[in-house]
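Remarks on the structure that follows.
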Amino acid sequence: MQAKSLTVSASLKGLSGRTRVPGDKSISHRSLMLAALAHGRTHVYGLLEGEDVLRTADAMRALGATITQKDDVWVIDGRGVGELQEPSDVLDMGNSGTAARLLSGILSTHSIYTVMTGDASLRSRPMRRVMDPLSGNGAQFWAREGGRLPLSIRGTAEAKPLEYRLPIASAQVKSAILLAGLNAHGVTVVEEPIATRDHTENMFRHFGVSVDVSELEGNGRRIALKGPARLTARDVIVPGDPSSSAFPLVAALLIPGSDVLIENVGLNPLRTGLFTSLKEMGADLTIENERIEGGEPVGDLHVRASQLKGVDVPPERAPSMIDEYPILAVACAFAQGQSRLRGLEELRVKESDRLAATVALLEANGASTTVEGDDLIIHGFQTPLGGGEVKTHMDHRLAMSAIVMGLAAQKPVSVDDTAFIETSFPGFVDLMNGLGAGIQG
Ligand SMILES: O=C(O)C1=C[C@@H](OP(=O)(O)O)[C@@H](O)[C@H](O)C1
Ligand SMILES: C=C(OP(=O)(O)O)C(=O)O
């Protein structure tokens, strides 16, 4: 991707109007993968056409599914579980951890040989978290030192069902094992000590696969499914991505005079930790027009500029807002008093080391932070100076967080590379300018 730097100055007026963010990234990846594994034709409405999801679409095509696009409807003719074809070339998953990890699960129970790679960021991310458990079903994996891509997989059609307790809270690992279970012979069981986003489980049911979910002590879950399973094509409506809504939402909270409505945002309770945390900070945020669409709760977020106060976010909330910490940290920098964001160890293995990069973003702009173990402490400043140069390390969420910092800080913020915003939020700058942000360039 060609680097694209940007310097962002304070918005001269409050943000206002109505807007819609692009489709949910997690649901978009899964809709393409499940549709490719289903019998029949699936239409997907509202698919996120971001680079990460386009990589999944290319991979599913290379594996034999027919995928076409007509206006904003995606049409997928599936092949059935166990029927994916061996691709003739390497699969390039770009910047997407979700694509690489979920696909590893699917490929482990197909008797084909595949090689997966990605960009420099993805090639630095850990894959052992899926390779190790998936090897238990009889598949073979080869990766670089440290379990890094490129990764080769020799899958098996005689897969044993896995029983696995997640050592980390990760919806990607859970989903990889469940996807492998679709073509294993017997009952696959995953236990998670803390519930993570359940889009895979919900979408399995939508495609006609029965999934048994029971609550475990604390906030955990046990998920079981019997293979081999048959998926029947079903149309999918993708809601707006709550993780993308976070950026215009926090910008509107921080820019004085703002009043914005973000319509049609997914409100799955395992994704809404940011909204809870912002409300605890005193955000004027209300959810309107709540309804169920395509099997997921959705609603409109009405947000007005607010003076925020510091917050203490407990570690058990992390899975429900895991991608929102950089932008929450920006909000905390503008709050009155101290904030403590707890249990952030997983941030170190995202597109970048997001804990280190978030600290650098805040410090470069005059906010003061401390890291204690896996906790990030932010000493609120009301209106940080800005004026910093932010390095985004191929990480879309850092780029958008830095832009929001620039829109609300006293001095312009320069961002080394905003190109990776295309992975999850195409049209981000235009959308913000449509609300009056006045971002130049
Ligand atoms: O399952 C998913 O769609 C995702 C799970 C999360 O990753 P982890 O499972 O690594 O926490 C999240 O960070 C990612 O953006 C999307
Ligand atoms: C962590 C993220 O995505 P992925 O793991 O799919 O690269 C993200 O979108 O913030």
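Yeah, the Cβs are placed from backbone N, Cα and C, and that goes for glycine too.
Just so you know, TrEMBL annotations never went through curation; they're auto-generated.
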TrEMBL annotation, phosphoenolpyruvate site containing K25, R125, Q172, R354, R397 - matching residue among G97, G147, G427:
G97
Quick check: of the binding-site residues listed here (G97, R125, R354, R397), which one has the Cα closest to that of S170 (3-phosphoshikimate binding site)?
G97
Just checking: which of the recorded positions R125, D323, K350 have a C-beta under 6 Å from ligand 2?
D323, K350
Mind running the binding-site residues R30, R125, R354, R397 against ligand 1 and keeping the ones whose CB falls under 6 Å of it?
none
Across the domain 'Enolpyruvate transferase' (14-430), what does the pLDDT come to on average, as a whole number?
97
Rounded inter-Cα distance in Å - R30 (3-phosphoshikimate binding site), G97 (phosphoenolpyruvate binding site):
13
Between S26 (3-phosphoshikimate binding site) and G97 (phosphoenolpyruvate binding site), what C-alpha distance do you get in Å?
11
Cα-to-Cα gap, D323 (active site, proton acceptor) vs K25 (3-phosphoshikimate binding site), nearest whole Å:
12
